[in-house]
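Quick look at what TrEMBL annotates:
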{"type": "COMPBIAS", "residues": "38-50", "note": "compositional bias 'Basic and acidic residues'"}
{"type": "COMPBIAS", "residues": "64-87", "note": "compositional bias 'Basic and acidic residues'"}
{"type": "COMPBIAS", "residues": "327-336", "note": "compositional bias 'Basic and acidic residues'"}
{"type": "COMPBIAS", "residues": "337-392", "note": "compositional bias 'Polar residues'"}
{"type": "REGION", "residues": "38-87", "note": "region 'Disordered'"}
{"type": "REGION", "residues": "327-392", "note": "region 'Disordered'"}
{"type": "TRANSMEM", "residues": "97-119", "note": "transmembrane segment"}
Amino acid sequence: MSKKKNSPTEKEPIVLTEWQKRNLEFLKKKKIQEEEEKKLKEKLASEKKAQLLQNNLTEETPEDSSKTSSDDKKEQATKKKEKPLKVKKEISQRQKAFVKALPVLSISLFFLLGSLFFLSPYSKMKDFAVVGNKHTTLAELSEQSRIKSSDYFLKVLFSAQKYEKAIMTSNPWVKDVSLDYAFPNHFTFNVKEYTIIAYAQVQEGFQPILENGVRVTVVNQSQLPKDYLIINLENEKAIQDLIKSLTTLPKKLVEDIKSISLANSKSTADLLIIEMHDGNTVRVPQSQIEKKLPYYLKIKKHLEGTSIVDMEVGIYSTTSDIEAKQAEVSKSKAEENQANSSEAQAETETTNPSIATDPSTNTQEQNPTDVSTQPTSEISTGQTEQSSASID
């Protein structure tokens, strides 16, 4: 007999593709998940049955109820322990690729939208408002800031300091300004203005003088406030120095001042006459106004009627009547002295008629060469004769 070949052909191992491997894993996981869901359903059904039984048992002893409650607690604890673990879903290749490309796509979209916005007229639309202004208008501020209608609002936003500086250099009223932005295209000029310290009276009207010493546009008398201060000085530097001094004084004291003028004193060149709203007058040098003028607030409490407070040398008070009497006395004394001098001159002319008749007489011929040897009375007489001869 021929020998039968009993060597069966061995099956070659099946080579699975990547997709088939993943599919098998997915099926296994799905099967496990289905089993776990089935267990959960069974447990839920048993729980429902237990609850129904508990509700049907109306007549229970306290001991039985305590046992059932303890059993329920144990069952709940076991249920919490036996909760199935959630299986995380695997992210597909497309989702991974999308996540990786998301930053690039978002940046590209941002630049695309930005380009479309800047090409549209909305990028140049700007809305302006002003806050804190009394003497300046929105139109003036917009013009002085040099903001053009063709400027992008982003340029205005990032160059705010440039426009603020332009306003402060061109507008004398503006003490400080800030350009604030609000979404989407709203801009607000937040303005702080200089205050008016005094007015200078000119031919056209009254010119306000600001706290920085700068003069602004002339206003009419109808535009003046109820109580205002007038400065009647011509020297511009003196006005600026006076304004600086007034800003350091108490506000109540400055409000009491009605006008400031130059006294034109020969002894004190910078002596000022300050008229107050209460009718009193103060004389004080401009160089000492910061030091001496605050004392007026204490002195005026002790004044009776309209008075003059003189602070030129020391500080004392007087009245116009007293000064008028003193002026009359000094005037009469001056007239007496003048009359006495004229009488003395007439007497000298009568005692020396030769001088009066011959005005061409030389003084060198009358006076000896050595003046030191003559008496003092003779020297004074000779000098008087010379003055009288020259007058004749």
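Cβ atoms are placed via backbone N, Cα and C, with glycine included.
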Other parts of the chain folded back onto the transmembrane segment (97-119), taken as Cβ under 8 Å at six or more residues beyond its ends: 91, 152
Per-state residue totals over the compositional bias 'Basic and acidic residues' (38-50) - DSSP helix, strand, coil: 13 helix, 0 strand, 0 coil
Secondary structure tally of the compositional bias 'Basic and acidic residues' (327-336) (DSSP, helix then strand then coil): 10 helix, 0 strand, 0 coil
